[in-house]
């Protein structure tokens, strides 16, 4: 039985960095200067692929937003308000959605044209602080869920010290702010399996995959939200558990696995949201023929997507490039549910042990 | 403190009705007759609005599917296989998705052209048995979640007798097969509040709406899935709790509330999925002006939808028809999040007490 703990430093670290940002601006004003901020440049020209990390990162370029330029004033003020509001959220242990932030600005007479504008400014704040917005308490809507052999201990107000065994509720529990910031206090799990779809997640629980494979199961519900990717990284790093990703056998499923492994180009300013050594265990293009799965023909959109992926440096190694070739050769795609052709438990009794080498 | 219990009769009742269906067919064969089934007719001409129930129901028409007619044979065989497979699921306490059912047929060499065909046959089986498919263990993917002052006791294999306090996990727990079939064993809740969006659900938990209003909170995550509507009905009937529904202030939000209250025309063959005396507490068209909420202009699609709703008999009473008029007059819509203009807690501190008359 392992036992690990993690101080929930997230909020404190965010408050410290936000305070530092404020000090920087104050200092400039006190020196009689027009305050400026230097924001990491997220434009395509500054996104580079880091082979060692196996992910996209930002290069060294920064752009200067200065209050000397009247055209910058609006965005500068918006950014300062966002930093203020984020500090308020973090220090009062409240969370907010992107949409809430957009409307909250109106309480302060801070203008955003639309939510795209407030989202963009939040992303700049992420880049400036080097922190995901979840760390300063701006969360997406919950969508993913978790079940398995792990006990957590909460850090949110009113729940400090309370624990939950993640096998307590056999439909799974939501991955929201409380779960994301909880400590991992006890587990005998030997792996994490992230699953693209709720139907299969439920099947895995019914067939006791968590017991048979000593596993923590995560339903990503499609493309894994960032809070879920952050949680997967914590499970990997703090508990030293291998992470396996099981998706539909098509370019979209393949990319769900890739984003868990190497992050997304959109979030190249953040390097804490991926699990570089996670494994995509299927459904592979070669599994579709090997297991004689029911399939649909690839559409033109699927094929276009495969060609895009094949020019992405993250897809140059194995199994990626050979699976892209196999998809293009056979022109077939299969869903996870296709294994039901062999009975509802076949995927658990046969396919999963095959892929995990057990 | 109330205490109610409910025998988890669902599966046993389903198995009994499926067995009865099988007996009916066998008896016909033994009498030397071509077996037939009489399936309630779900076509528009047989859907009638029941003013007393406040919902759409099917009229008395049935159509005969007979093995005497070679054109009926395929559908008849499909229906029999589905009944067999549903009995297998129900008696072995396994669940399945619609998609899984489609693929499972291939294990038995039963042909379905596509999933639309297997879905249609499942709906026929619902109509024939007078039971929602969830009762014979065919579930949708999980999407909704629950949190609040209620302790449940599970009835699924491996969890019999285990309990969960639904305040155990402050991100909420998923509403899946285990929760839907659980008994309600202890509660001091005085109401249920169903919320359209996850962001506000999280806000309500953070602001302790469950304690301040002694409430059970449900995140419907958009249009409430049928399992969630069934759960709402159980909370209403077994615990005698009033149900309040809080949605965005637009025709789509209004209809989310209406479907919880009076069911959907699509499911006119089922009368166990609605809460006739639930209340839609907002966001009303008149709230948008009263609370001076940030708004967007109604689009042409919104207006078209409002005109459709105004010719629907379910929308003839209050607050429905007057709110449709108000939407059409002001041409404004507002989201739940729009209240953040007055601070993140305004909706809990002011709006909710206003609407609940507290």
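Note: Cβ is positioned from N, Cα and C throughout, glycine not excepted.
Whatever TrEMBL says is automated annotation, not expert-curated.
Per TrEMBL, the features are:
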type	residues	note
DOMAIN	B:74-138	domain 'Spo11/DNA topoisomerase VI subunit A N-terminal'
ACT_SITE	B:103	active site, O-(5'-phospho-DNA)-tyrosine intermediate
DOMAIN	B:191-356	domain 'Topoisomerase 6 subunit A/Spo11 TOPRIM'
BINDING	B:196, B:248	Mg(2+) binding site
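Sequence features, as recorded in TrEMBL, placed on the structure.
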residue : record                                                : CB count, 10 Å
B:103   : active site, O-(5'-phospho-DNA)-tyrosine intermediate : 25
B:196   : Mg(2+) binding site                                   : 24
B:248   : Mg(2+) binding site                                   : 20
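Residue B:103 (active site, O-(5'-phospho-DNA)-tyrosine intermediate) falls within a helix when secondary structure is assigned with DSSP. Chain A has a C-beta under 8 angstroms from the C-beta of B:103, taken from the recorded positions B:103, B:196, B:248. Across the structure, residue B:196 (Mg(2+) binding site) and residue B:103 (active site, O-(5'-phospho-DNA)-tyrosine intermediate) are spaced 32 Å apart at their Cα atoms. Reported as a whole number, the C-alpha separation between residue B:103 (active site, O-(5'-phospho-DNA)-tyrosine intermediate) and residue B:248 (Mg(2+) binding site) equals 37 Å.
DSSP gives residue B:196 (Mg(2+) binding site) a coil state; it is part of no helix or strand. The average pLDDT computed for the domain 'Topoisomerase 6 subunit A/Spo11 TOPRIM' (B:191-356) is 95.
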